[in-house]
Amino acid sequence: MENNKTSVDSKSIKTLETKILHGSKSMDSGISLDVSYKMDYPEMGLCIIINNKNFDKNTGMACRSGTDVDAANLRETFTNLKYEVRNKNDLTREEILELMHSVSKEDHSKRSSFICVLLSHGEEGKIFGTNGPVDLKKLTSFFRGDCCRTLTGKPKLFIIQACRGTELDCGIETDSGTEDDMACQKIPVEADFLYAYSTAPGYYSWRNSKDGSWFIQSLCAALKQYVHKLELMHILTRVNRKVAVEFESFSTDSTFHAKKQIPCIVSMLTKELYFYH
């Protein structure tokens, strides 16, 4: 157990008829042959790391000590996975939105996927620039299928290390497809996104001033260990387990002492994702 110092469906819509569209590639068993994302494009893709450590005084938000450790660890991890990593530090909310808009307008046609890591203060549905909050929905909307066509049908991963509220978890003891196919398919604009949150809705997310955040430490370790063996959702389940079991806060303030954390994965992926091919 880690003991280092830690910081802290719609009732108004009438029933509509639906139709089932059967895929063109299938087996007699009904299982689709095209179950995993194509990851053998010429490039793996971009990995944008936004690392906000220092904040304007008038925001009242503290310096995020230990976040540089996370940023360095993430850069090494995704560079080893052949991503083009771009680190950005201490961005305002306007700069974050400008960056995301700019990246979404790039040509991703030769890229397999897209990753964005957000390291900052936060609250439910928001991430903080150095001068104030940004709605996550607005930030990620630039990459929807109808906005960023060269990433349509490709996995878009958002990794978010930030608080989602002020609740504290005290814990409890326990016993124990082809390109031709894609051209004729219509998919939801919100498809193929995955959000990996460091903590559950409403809760604090813990960070160690020396070793970095519990979530990013665990994520990087799991990727290094399992990336050539397991599918992404299986890897993230290992991350959940590691954070839940191996970490606990240590503080001289009893309010914040012996607290736990569980990451939260929200997936709209439509296929399995293997980083190897």
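Each residue's number is its place along the chain shown, starting with 1.
Here the Cβ of each residue, glycine as well, is placed from N, Cα and C on the backbone.
Swiss-Prot lists Met1 with the feature N-acetylmethionine, giving similarity to another entry as the kind of evidence.
Summarising the annotation, Swiss-Prot assigns N6-acetyllysine to Lys11 and lists similarity to another entry as the type of evidence.
Marked as phosphoserine by Swiss-Prot on the basis of similarity to another entry: Ser26.
When secondary structure is read from DSSP and collapsed to three states, His121 (active site) falls in the coil class. Taken from Swiss-Prot, the feature active site covers His121 (among others), and the record attributes it to similarity to another entry.
What Swiss-Prot records for Cys163 (among others) is active site. The Cβ of Cys163 (active site) has 23 other Cβ atoms within 10 Å, all protein chains considered. A coil conformation is recorded for Cys163 (active site) in the three-state DSSP classification, outside any helix or strand.
Per Swiss-Prot, S-nitrosocysteine is recorded for Cys163, and the stated evidence type is similarity to another entry.
Spacing of His121 (active site) relative to Cys163 (active site) is 6 Å (Cα to Cα, whole number).
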